[in-house]
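K.L.:
My questions will all concern the structure given below.
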Amino acid sequence: MTSEQYSVKLTPDFDNPKWIGRHKHMFNFLDVNHNGRISLDEMVYKASDIVINNLGATPEQAKRHKDAVEAFFGGAGMKYGVETEWPEYIEGWKRLASEELKRYSKNQITLIRLWGDALFDIIDKDQNGAISLDEWKAYTKSDGIIQSSEDCEETFRVCDIDESGQLDVDEMTRQHLGFWYTMDPACEKLYGGAVP
């Protein structure tokens, strides 16, 4: 794996309607009670309580994952017991993305990497340091974002930068950073057709 393969677009495009639409889509998906507002409570419920419990995480893995989710969405300004409406949510994402890109450019650990490490440990059932397509399918079935096997396989292909047939946490981090923060063209179709 060359460092060039892991280079990512570091300039955000916050005014791009597609970037805004991508985040609006997820805002609506994460709005568990469909009231037009989300809170850290909903984020943790959706990301940890539902997904992680469905994957059979150990108590230690679940705690690590929950801590990572709290830190990540806390970085976007989310708080327990405080409902956030769309305009505040997207502004929080802009702040989060800007800070994360600064960290990434300095080879510092990002919040998305910490979340990726925690999630990777749970998905990697055989603990061989890589995620197989079957392990990825089990994860995507539980998270509810990707509904079709075609989208699941497309996501796997986009993340498999080195074309090894397995995913490592560096590949996953790089692709998610590019997809959610900067709309890096190399990350398009990260969720197949499930997320714009």
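Positions of Cβ are set from backbone N, Cα and C atoms, glycine also.
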K.L.:
Between the candidate ranges 62-72, 73-83, 128-138, where does Swiss-Prot place the region 'May interact with the chromophore' annotation?
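P.N.:
Based on what Swiss-Prot states, region 'May interact with the chromophore' spans 62-72.
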K.L.:
Do you know which of 19-29, 107-117, 173-183, 184-194 Swiss-Prot annotates as region 'May interact with the chromophore'?
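P.N.:
Checking Swiss-Prot against the ranges 19-29, 107-117, 173-183, 184-194, the region 'May interact with the chromophore' one is 107-117.
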K.L.:
Residue counts in helix (H, G, I), strand (E, B) and coil for the domain 'EF-hand 4' (147-182), per DSSP?
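P.N.:
Helix (H, G, I), strand (E, B), coil: 25 helix, 1 strand, 10 coil.
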K.L.:
Would you identify which of the binding-site residues Asn33, Asn128, Ser164, Gln166 has the most other C-beta atoms lying within 10 angstroms of its C-beta?
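P.N.:
For the binding-site residues Asn33, Asn128, Ser164, Gln166, the Cβ with the most other Cβ atoms within 10 Å is Gln166.
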K.L.:
Please indicate, using numbers and ranges, the residues of the same chain that are 6 or more beyond the region 'May interact with the chromophore' (107-117) and have a C-beta under 8 Å from a C-beta there.
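P.N.:
Residues packing against the region 'May interact with the chromophore' (107-117) from afar: 65, 68-69, 71-72, 75, 96, 100, 169, 172-173, 176-177, 180.
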